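In TrEMBL this protein carries:
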- 46-66: transmembrane segment (TRANSMEM)
- 78-100: transmembrane segment (TRANSMEM)
- 120-145: transmembrane segment (TRANSMEM)
- 237-261: transmembrane segment (TRANSMEM)
- 307-328: transmembrane segment (TRANSMEM)
- 334-353: transmembrane segment (TRANSMEM)
- 374-394: transmembrane segment (TRANSMEM)
- 400-420: transmembrane segment (TRANSMEM)
- 427-458: transmembrane segment (TRANSMEM)
Amino acid sequence: MAAAPAPAAAAGLAAAPWGVPAMPGSRCPRPALPILRWLPRYSRAWLPLDLLAGLAVGLTTVPQALAYAELAGLPLQYGLYSSFMGCFVYCFLGTAKDVTLGPTAIMSLLVSSYAFHEPVYAVLLTFLSGCIQLAMGLLHLGFLLDFISCPVIKGFTSAASITISFNQIKNILGLQGIPRQFFLQVYETLRRIRETRAGDAVLGLTCLAVLTGLRAMKSHLPQAAPAEPLAVRISYLIVWISATARNALVVLFAGLVAYSFQVMGSQPFRLTGSIPQGLPAFRPPHFSLAVPNGTVPFQSMVEDMGVGLAVVPLMGLLETIAIAKAFGRAPLSLVSSGVANVLGSFVSSYPITGSFGRTAVNAQSGVCTPAGGLVTGALVLLSLAYLTSLFYYIPKAALAAVIISAVVPMFDAGIFRTLWRVKRLDLVPLCVTFLLCFWEVQYGIVAGVLVSGILLLYSIARPPIKVSEGAVLLVQLGSSLHFPAVEHLRDSVCSRALAASPPRSVILDCCHVSSIDYTVVVGLSELLQELRRHGLSLAFCGLKVCGTSATPPQPQGGSWEAEKSLA
């Protein structure tokens with residue numbers, strides 16, 4: 001479905017192209033720091049578009065930050081602490097103008113699993129995740145992410161969508177004391193459904209309906225051409241801004257309703273409560289945790305986080321790279337994410353990554369450069385400095401509606417039907433990941449990756465082999481040969497060659513084989529010797545040398561050149 005155009009396009013303003021055009025014959029190297037690629041040629045015409053985009057993203061970021069902190073099981077101010085450093089860092093290191101870094105639903109869900117609702121754990125997890133991401137970027141280890149297949153990612157995000165949505169049902173219904181484990185949540189929520197608070201339920205469902213309606217309105221908003229009358233273009237701009245800033249509008253409306261009831265002396269809603277005012281202190285993360293019985297040392301904290309030290313940075317990089325691929329090339333995605341998390345840990349941030357929703361808002365707003373992130377970050381800082389006292393009256397049901405509205409589109413029901421038509425075997429890692437993520441997130445991801453790896457290794461160990469019988473046995477190999485496949489190839493060739501009447505010599509067609517390893521060479525040599533013991537020969541055709549198809553071997557004196565190389 002086509003996204004609504006940016007208001008700048010409706011007003012007839014052309015956004016600047018992203019990227020520095022190459023000058024013919026120019027040999028000047030590209031600046032290593034991405035900001036130096038666009039800042040020297042920054043145009044005044046881009047400034048209003050960057051300001052508009054930064055403001056639109058900021059109005060989306062602030063209410064989502066509060067909601068995601070609730071999802072992560074942390075005090076709400078930590079959502080705001082996590083929302084500005086990524087904006088500033090990406091302005092300097094960003095390679096795709098549309099991408100925004102900050103807290104997301106997926107990352108908040110992971111933090112709730114590995115930080116144990118303890119801010120010290122969350123901030124330390126941010127620092128360690130950033131170090132891992134930075135090391136992967138500097139060592140060019142991003143290829144490791146390629147081993148996490150699309151079915152695994154889809155299974156995880158779809159399960160996370162359901163888990164996160166149901167996690168917020170308790171806030172929609174006004175229930176308290178509901179456990180965070182998914183199956184226990186379902187049981188306890190259904191068991192205590194009669195304890196639903198009418199005020200929270202009505203407000204939460206109303207907010208959810210308004211958010212859904214505004215999202216649909218934005219998706220179907222027709223483009224206003226520059227030739228349209230001024231009134232039409234202004235109306236379009238008002239509707240577009242309302243739909244884009246829907247989270248802020250809904251939270252503001254809910255807060256005003258809650259404040260009105262408070263003034264009248266009654267409060268039918270559960271409120272977020274007091275949020276400390278002021279900016280976070282700039283200091284390194286704590287490497288130990290003081291508890292009533294003593295101190296938890298750094299080593300014990302790392303052991304407690306366990307596999308989360310691998311899952312959190314990897315999933316963060318996956319989100320950022322997926323967004324960067326969708327909105328532009330980003331060779332420094334790993335580095336920018338790592339630096340953002342390392343520096344973010346100094347301002348009490350929990351782990352951040354690229355946000356699909358806010359990046360889409362940024363792109364639709366007509367952003368020209370990553371400078372729009374400066375406006376977003378400044379807006380978050382202003383909220384922390386002056387507006388936290390107003391957040392007291394935000395109902396939890398409204399924040400729950402914001403979260404549910406953000407994560408429902410993550411559920412991809414069509415992927416099951418698509419994989420059934422394309423390759424049904426891919427449904428195995430998808431379903432394994434999807435189902436186990438309801439038990440524990442880490443189990444689902446690890447199991448999905450293992451199943452995908454097994455399927456990948458099986459395809460390497462059992463390459464496609466086509467056998468054609470004639471005067472000789474023609475064996476056509478469908479892919480390269482690696483050591484797990486050599487025994488399968490030997491058994492297949494020997495069984496067919498010796499079972500024929502009379503036994504037949506064998507020709508291996510290697511036109512599709514681009515590489516082999518030493519074990520395969522040894523196995524082919526043994527196959528040659530075994531066939532010779534039965535008076536048969538083995539020949540090769542379509543051999544490649546250094547990636548180039550070689551001249552087919554010619555018979556000499558009843559033998560073959562290829563045989564000599566293996567004899």
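Backbone N, Cα and C atoms are what each Cβ position is placed from, and that goes for glycine too.
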For the transmembrane segment (237-261), name the stretch out of 46-66, 78-100, 120-145 with the most CB-CB pairs under 8 Å.
46-66
For the transmembrane segment (120-145), which stretch among 46-66, 334-353, 427-458 has the most Cβ pairs under 8 A?
334-353
Stretch with greatest number of CB pairs under 8 Å, the transmembrane segment (78-100) reference, 46-66, 334-353, 374-394, 427-458 candidates:
334-353
State, in range form, which of 46-66, 334-353, 427-458 has the highest count of Cβ pairs under 8 Å to the transmembrane segment (374-394).
46-66
Sequence-remote contacts (6 or more beyond its ends) of the transmembrane segment (46-66), Cβ cut-off under 8 Å?
6-8, 13, 15-16, 76, 79-80, 82-83, 100, 102-103, 241, 244-245, 247-248, 250-251, 272, 357-358, 361-362, 365-369, 371-376, 378-380, 383, 391, 394, 399, 402-403, 406
